[in-house]
Amino acid sequence: MPLTTDRKRQLTTAALVAPAGLWLFVFLVLPFMAMVVFAFGERAPEGGYQAAFTFAQFANLPSRAAAFWNTMMIAPVGAFLCLIVAYPVAYYLSIKSNPKYRLVLVSLVVVPFWTSLLVRTYAWMYILGSRGIPNLLGMIGIEDVRLLNTPGAVLLGIVYGYLPLMIMPIYVSLEKLDRRLLEASADLGAKPVSTFFRITLPLSLPGVMTGVALVIILLLGEYLIPQLLGGGKVFFIGNALVDLFLQSRNWPSGSAIAVTLVVVVVLVLSVAMHIAWKVSGSRQVELV
Amino acid sequence: MTAAPANDIEFRSVTKRYGSVTAVSDINLAVPKGAFVALLGPSGCGKTTCLRMIGGFEQPSEGTVLIDGREMNGVPPYHRPVNMVFQHYALFPHFDVEQNVAYGLKQARPKLAASEISARARQALEMVRLGGFEKRRIHEMSGGQQQRVALARAIVNKPSVLLLDEPLAALDKKLRTAMQIELQTLQSELGITFVLVTHDQEEALSMSDRVCVMNAGRIVQMAKPQDVYDKPADLFVADFVGKTNRIAATVEADGSTLRLSNGTALAAKSGLKPGVATVALRPEAIELTRQAGKDAAGLAGTVTHRIFLGSTAEYQISVDGLGDFLVTADRRSVQESGLVEPGERVVLTFDPGKMHVFPA
């Protein structure tokens, strides 16, 4: 029997979605379900998981409050700092820069991605470490400056490492911005600053929110930067998870933390995205 | 005390270059107060650049633009007493209708009271017959309604000049005709100067009281719509505004006899420069009759195509020895005998005074 067009279309869609869908199911949905099960279980005496149904792991969450606190503070602050640095760059690239060199400038933003974050973070370790900037400061008489293994160092590493992820979505949303809207605003008497805050910024909010969400999500699981630049003193949830799963082999406790984290993130981000889309309004008008 | 300037807008030898491209070349233009001027020309003729120089989005490379007698070189758009209706409207998608209209009022310094802003925005919306639509989002409005919002937004600040950049281009024909009438009404109500940019000659002729035909960065003719149509300054205007038959001809030594390339001699007005010339003749200036006998005076030819337009019909006629002619015939003039059919032999006659002779 020949296939109808509708049936064919369905099959094509299924074929296109299947690889990614299967991948996500096996490596994301199944593990997450396993984690939810683990989170209500107990630690086996020899480590790992032992079947049970208890809320003990969740009740025990406050013992990891420091890691939660650090993550919940440093991730948004880091994302915010990223935003402060990234917005002017994205604005310059998309609106002020000469279109002739725009592609070159944009690719310069991406070039650091070609080197491993690990290597680049090691470089910062050296720069901030005792033989780096503190050494130079010592030469001009400013002694005992400690930069490495501080929250500041972690923040610096975060802004440095995540900047391109923030610049790109903002750049894209500003690039899409209809320049005639800016002219219309000026025509109606708005000075440049007013135009920026009333037109440019609100209409680039989807890009801003995408960037913030991207950076925060990745930061919540960040392990490398706090490990290298925080020296174990600035402890993230990511570090706590590594500790729980690999060191003390307390899978249920780690799972409870991870599940809680995911729930919090999903809640916070969906509220934030909703607000951003509301403020920036519908973009359908562009199709006219 | 100096007298108020008679012109709202004045261009003094204005040239605009983009790199090596000259978009506008040495233009002089005066738009009197209260006029409705149409800048008409094909795309790339510099009409939009002129409009943008009035709006302040472009600065002239040379020369001066004056608004209300004041030199505007270097003055940014937000300090100019003009407002613009943008092509595709450029409405703010994140504001509702009233917020869009109120935007200009909110920029006023010293600040206006919220109640006054709201009242004036609503009044402007009433003027464009959009009362009751204040809280609609922009994407919920149709093209024609968006057009009105853009108009209301531009007039709410009471500019001395309203600039319109191809405002009707995106509307369908019926709506366009309705808006043409509405724009004219609006202009007489507001009593301010309108400057319209369009590539549509019908729009320019029907709405404005002064048409400024532009080509290749220059003004070719600035005149009343009738004069632009009846007395085109050159072949370009004759061609661009309305339809035209172009006939190759030679002006004889007496300066008044025209010899067409098929040998026909016509008596034109005197004082023409002898030599090769091109004659422009409107399709509706030609009378069409069925060829009765061999002796009929005029140009004989065969009908090749007919386009029936309702009240009129357009004929393409292959004239013996002269090539294709376009003739517009009123229904009435050929009614007794019905429409002329393709293939029929016809004779074209016209008043030689209706010819426009341009030296080559």
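Note that the numbers count up from 1, one per residue, in the order the chain is shown.
Just so it is clear, glycine is given a Cβ too, placed from its N, Cα and C backbone atoms.
What TrEMBL lists as domain 'ABC transmembrane type-1' is A:68-272.
Among the features that TrEMBL reports, transmembrane segment is placed at A:12-40 (among others).
Here TrEMBL flags A:67-91 (among others) as transmembrane segment.
Residues of the same chain lying 6 or more positions beyond the ends of the transmembrane segment (A:103-127) and with a Cβ under 8 Å from any Cβ of it are 89, 93, 97, 133, 148, 153, 156-157, 160-161, 163-164, 167-168, 171, 224-225, 228-229. Sequence annotations record features per position, and here TrEMBL assigns transmembrane segment to A:103-127 (among others).
A Cβ distance under 8 Å defines the sequence-distant neighbours of the transmembrane segment (A:153-174), meaning residues of its chain 6+ beyond its ends; these are 74, 77-79, 81-83, 85-87, 89-91, 93-95, 106, 109-110, 112-113, 117, 120-121, 124, 128, 147, 200, 203-208, 210-212, 214-215, 218-219, 222, 225-226, 228-230, 234. Annotation comment: TrEMBL describes A:153-174 (among others) as transmembrane segment.
Marked as transmembrane segment by TrEMBL: A:195-219 (among others).
Under the heading transmembrane segment, TrEMBL lists A:258-277 (among others).
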Q) List, by number or range, the same-chain residues at least 6 past the transmembrane segment (A:67-91) whose CB is under 8 A from its CB atoms? A) 61, 109, 151, 154-155, 158-159, 162-163, 165-168, 170-171, 174, 200, 207-208, 211-212, 215-216, 219-220, 222, 226, 234-240, 257, 261
Q) Which residues, given as numbers and ranges, are at least 6 beyond the ends of the transmembrane segment (A:12-40) yet have a Cβ under 8 Å from it? A) 49, 52-55, 57-58, 251-252, 254-256, 258-259, 262
